[in-house]
Structure formats: structure tokens, C-alpha cells
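Each remark here refers to the structure printed beneath this line.
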Amino acid sequence: MTRHYNFCAGPAALPTAVLERASREILDYQGRGLSVMEMSHRSSEFIAIAERAEADLRALLAIPANYRVLFLQGGASLQFAMLPLNLLGKGGSANFIQTGIWGKKALTEARHLGFECVVAASSEANGHIEVPPQSTLTPSADAAYLHYTSNETIGGLAFDYVPKVDAPLVCDMSSDILSKPIDVSDYGVIYAGAQKNIGPAGLTLVIVREDLLDQAVTPSPTLFNYRQLAEAGSMVNTPPTYAWYLAGLVFQWLQEEVGGLEAMREINQRKAQKLYAAIDSSDFYSNPIAVRSRSLMNVPFVLADEALDAAFLREADAAGLLNLKGHRSVGGMRASLYNAVPEAAVDALIDFMADFEQRKG
Ligand code: PMP
């Protein structure tokens, strides 16, 4: 069996140790004679798995007691709609910092539902290569919340600060949650699709401050209602049980194998710095993002000669370096360096890039 290095932006690499454990437990979970996939979500076995996963996540992120953790479905994209539905029931507008494609989708969905939306800052004028600084944020006086995307997965643009505003802060952390420690109390709502740093696709995490649970638009569908989901322990209906279990294994891996989020941050910084250094020291590869706004998770780069893109991707794939193609909307290359991508993968990529440049540059 060979596991190649997977640089996919999502669904992304999972820790090999997690997949090995899941494979050991897949037919017979801890002597119960059945798979987690075959368990009732209301069984004591599954409730224990679910509670452990939440407790481990709370410990990793130091989530304060006045926050609820929801394990949902629908992806981060459903949150684009659920956020205004849950937060604008008492009026006010949704404010957004626009730094790329995902933030724009969040804004477009809120607008589509008829909510008043305000762009409080945007990097559109600079082509989304540098995050707008705190001093340029102009949220409206009636802002019910300010939404931003801490890491734009396609552009490779990340915030190097946490915005400070009066309104509750709502953050799409889909592509950088758990990559480093954060202070959860800075936020009203944090949400993330699981398929990058949490686990397999099909699960969405929402961490919401309790005082924000009671401002939903009424009536709204039960499955879209944070209060009702929180009261039901995310089990208004059948949750994505196997994805929840795997996320729990990832949380255990982060704590026990990696040593927590500070250790994870150091590894992630080292991985990204190496790759940016390799790109910056070459005339053949380039990355357009302002240094302070560069993502540690997603590193887009282009080749000096676009005509070589296909050969680069073909040869990388043959060398066991998978999924380096940039997003279809921007082209070029993108290496996603999520938590489960080992440092050795980055070293192998850098070696490959140098060799390719030498042969074709
Ligand atoms: N936000 C960000 C930052 C993302 O990277 C993605 C997916 N790549 C999404 C939202 C959408 O996530 P989902 O596919 O889970 O709806």
C-alpha cells in the first residue's frame, strides 16, 4: 500500500493514523460487533463518541462554556444562509469583509434571501492580494454582525489579525480552523465545513455564542435554527454519524500525536515558509499575495510559462504529488498544506519543483 502526498484543497488529506484506526474499527467498534456507521445515533455507544468529540474539540480550542458546538450537515455553504436567518430576526444588517470568492458567496446568499447587506471593507480593488487593514473597516451602525473569511481557500489570502468591531464577529474558518490556536471569545459565530482540517465531507461545525441563539427570523425551518439544533444536541434528525466519529479521531490525533494547536501552528508555519521561500527564490514560480496576507494553508502559484502547466501536473502526479491543480476559476497551481499534510510532503514538492524548473525553465 502506498499513500501519496495529497495537496487537495478539499476534501483534503486525513492523518494516516486516523485512517488506520478507523480501518481497525470499521467492522467491529470496540468489541460491540458492529460498525459506527451501523449504530443508532441515539445509542449509548454513539452518544459517547459524540460527547467525546465535542469535549476534545472544546479542549483543543479552549471553547468557553457560553458557546454551543453544533455538528451539522449542509456544508459551510448552508451557513451562508443560516447565518442571516439566525442572526437578523431582530433587524439590522449583515456586514461583510470581502477578501475573495467564498466571502462573496456568503454575501450573495444573504442578499438572495432579501437581507440588507453592507460591505464594510473589501480587497477587490487590489485584486484580493492583500487583506484590508483594521483601520479601513467601516461597519454600518446597524450591523447585527460582521462576517469575514479568515482564509480564502482559492485566493490563498489570509487575515493576519482578528477584526475588532462592536458587532458580533462571524468567521468562516473552513480552511484554517484548528491550524493554530485562536481566542474563541473574539467571535460570535465560527463555522467550518469539515473536509479540510476536521474530517471527511458531510459534517459542518458551528460554534455559536449562547446569547446569539435567540435572534432567528420566525418562522424558520427547524433544521436551520441554531437554538433548536443546540437544544437537541445537533440531533433534531440523524446527524452525519460516521463523519462525526472521524472528526473525533482527528481531534484525538491533534491532541495526542501533534501535541495541540500551538505545536500544529509551528509545523504549519514551517511548511508554508519553506514553500513560499522556494517560490520567492525562483523566477520560474510566483505567488502574487502580499507577504503579510499569505495563507499558511493554501499556496497558489503560477509557472512563468502557462504552457508548461499540464506537464507540471502530469509529472507531479506521476511522482506521487497529487491534486496540485489550482481552482478552476483561477487556474495555475495550488498546494494545500492542511494539518494532515506532513512536512515531508512539502519537502518532496519543493524538490520536485526545483527539478522541474531545472529541466524546463
Ligand atoms: N468557505 C470556504 C472558505 C471554503 O473553502 C469552502 C469550500 N472550499 C466553502 C466555504 C464551502 O464549503 P462547503 O463545500 O462545505 O459548502
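Heads up, the Cβ atoms here are built off N, Cα and C, so glycines get one too.
Residues or ranges marked as domain 'Aminotransferase class V' by TrEMBL: 5-349.
The annotation L-glutamate binding site is assigned in TrEMBL to Arg42. Every protein chain considered, the tally of other Cβ atoms within 10 Å of the Cβ of Arg42 (L-glutamate binding site) stands at 9. Reduced to three states, the DSSP call for Arg42 (L-glutamate binding site) is coil.
TrEMBL lists Ala76, Ser77, Trp102, Thr153, Asp172, Gln195, Asn237, Thr238 with the feature pyridoxal 5'-phosphate binding site. Counting only residues at least six positions away in the same chain, the Cβ atoms of Ala9, Gly10, Trp102, Ser174, Ser175, Lys196, Ser295, Met297, Asn298, His327, Ser336 sit under 8 Å from the Cβ of Thr153 (pyridoxal 5'-phosphate binding site). In the three-state DSSP classification, Thr153 (pyridoxal 5'-phosphate binding site) falls within coil.
Lys196 (N6-(pyridoxal phosphate)lysine) carries neither a helix nor a strand DSSP state and counts as coil. All chains included, 30 other C-beta atoms sit within 10 angstroms of the C-beta of Lys196 (N6-(pyridoxal phosphate)lysine). Annotation source TrEMBL lists N6-(pyridoxal phosphate)lysine at Lys196.
Taking Cβ-Cβ distances under 8 Å and a sequence gap of 6 or more within the same chain, the neighbours of Thr238 (pyridoxal 5'-phosphate binding site) are His41. The recorded positions near ligand 1, defined by a Cβ under 6 Å from one of its atoms, are Ser77, chosen from Arg42, Ser77, Lys196, Asn237, Thr238. Put simply, Asn237 is the one of the binding-site residues Ala76, Ser77, Asp172, Gln195, Asn237 whose Cα lies nearest to the Cα of Arg42 (L-glutamate binding site).
Cβ neighbour count for Asn237 (pyridoxal 5'-phosphate binding site) (all protein chains, 10 Å cutoff from its Cβ): 11.
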